[in-house]
Amino acid sequence: MDTKKASPERSRRVFVAMSGGVDSSVAAFLLKEQGYDVTGAHMTCWEGCDSNEDRRDAMRVAAKLGIPFHVFDFKEEYKEGVFNYMIREYASGRTPNPDVICNSEIKFGIFLEKAISMGADFIATGHYARVKNEDSRFWIHEAKDRNKDQTYFLWRLTQDQLSRALFPIGDYLKSEVREIAKKAGLITADKKDSQGLCFVGKVDFQDFLREYLPKNAGSVVNSGGKVLGTHDGAYFFTPGQRHGIKLGGHSEPLYVAETNKEKNTIIVAEGASDPVLYKKEIFISGANLPDDIPEKISTRIRYRQTLQACSILKIENSKLKIVFDSSQRAVAPGQSVVFYSGERLLGGGIIEK
């Protein structure tokens, strides 16, 4: 396996965000192999999340590679920009994507700014994605390993951010990344990947939210408006959810179809085929898209979803109406909807309704 691919940017300085995992470790290794002036950087974003083990592993990999290493404390910025945003969104009855915000505001926001202030030309991460300069514009492309592809979480990145971004492992399968790590003697070669939001820990996510949002009793109703029971807060539930609806005596399983923050009600679907669980049209805001996108494109409304055909109708400014060829199950306001043309990421937006 050739890890020394030709690069037009040899000797340029790059700061690599090293989490202590195998992906970012190999990203740093590949860039050094390709002739970049590499510096490792570890971000502390939450008290308790940043385990000594992860920081130590990142430091050991940097030492193995013979590169400088820095630790940056971004706890305050992360709490305000990502965590508090997430809580505000849930409190408003929406289901946010914290990782999307973390990428645009922390990793490619303040970390990029910090790296540039210290003389970096680029930053790099262990994301499974690719960035290409095509048609006088930077475009994100899906990774070679489609099962690990993370482009869904990168749609908010701007042209300025992408012009400084490198994704070294985007051209490799996960199995190849681990093989490279083993051959390079990196201690993270067999380390398990991290899962979920680190600040949640091992508790149920609903229980976690209850630490920050007060109970607020309301009604659980079906699509016809019949009251089936009660709940302790509509913002503890998200469309598609089955776990946590504590109502017995129903022949069909109950799924959350919609939540209504104003009325503090949950509308449930009685069975997986209940029409109330499906939507053919959605509206999005905060769209980050080029002006010349085709009317017919592909999209996904959740991570790893198979691409869905749709049409885009512009309403005003960054507000769009999306019409799907096929009805979509469990559409959650607050989630990201991301658009593609082939393997090219066109951009995305936030589901409003």
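The chain as shown is numbered from 1 upward.
Placed from the backbone N, Cα and C atoms, the Cβ positions cover glycine too.
Curation does not apply to TrEMBL; its annotations are automatic.
Features as listed in TrEMBL:
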- Ala17, Met18, Ser19, Gly20, Gly21, Val22, Asp23, Ser24, Met43, Gly126: ATP binding site (BINDING)
- Cys102: active site, nucleophile (ACT_SITE)
- His127: site 'Interaction with tRNA' (SITE)
- Cys198: active site, cysteine persulfide intermediate (ACT_SITE)
- 206-269: domain 'tRNA-specific 2-thiouridylase MnmA-like central' (DOMAIN)
- 292-351: domain 'tRNA-specific 2-thiouridylase MnmA-like C-terminal' (DOMAIN)
- Gln335: site 'Interaction with tRNA' (SITE)
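Structure with TrEMBL features highlighted.
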{"residue": "Ala17", "record": "ATP binding site", "DSSP class": "strand"}
{"residue": "Asp23", "record": "ATP binding site", "DSSP class": "helix"}
{"residue": "Met43", "record": "ATP binding site", "DSSP class": "strand"}
{"residue": "Cys102", "record": "active site, nucleophile", "DSSP class": "helix"}
{"residue": "His127", "record": "site 'Interaction with tRNA'", "DSSP class": "coil"}
{"residue": "Gln335", "record": "site 'Interaction with tRNA'", "DSSP class": "coil"}
Span of Ala17, Met18, Ser19, Gly20, Gly21, Val22, Asp23, Ser24, Met43, Gly126 around ATP - largest C-alpha separation, Å: 16
Close recorded positions near His127 (site 'Interaction with tRNA'), where close means Cα within 10 Å, chosen from Ser19, Gly21, Met43, Cys102: none
Rounded Cα separation (Å) that holds between Asp23 (ATP binding site) and the residue listed as 'active site, nucleophile': 18
Fewest other C-beta atoms within 10 angstroms, as judged across Gly21, Met43, Cys102, Gln335, which are the recorded positions: Gly21
Lowest local Cβ density (other Cβ within 10 Å) among recorded positions: Ala17, Ser19, Asp23, His127: Ser19
Arithmetic mean of per-residue pLDDT over the domain 'tRNA-specific 2-thiouridylase MnmA-like central' (206-269): 87
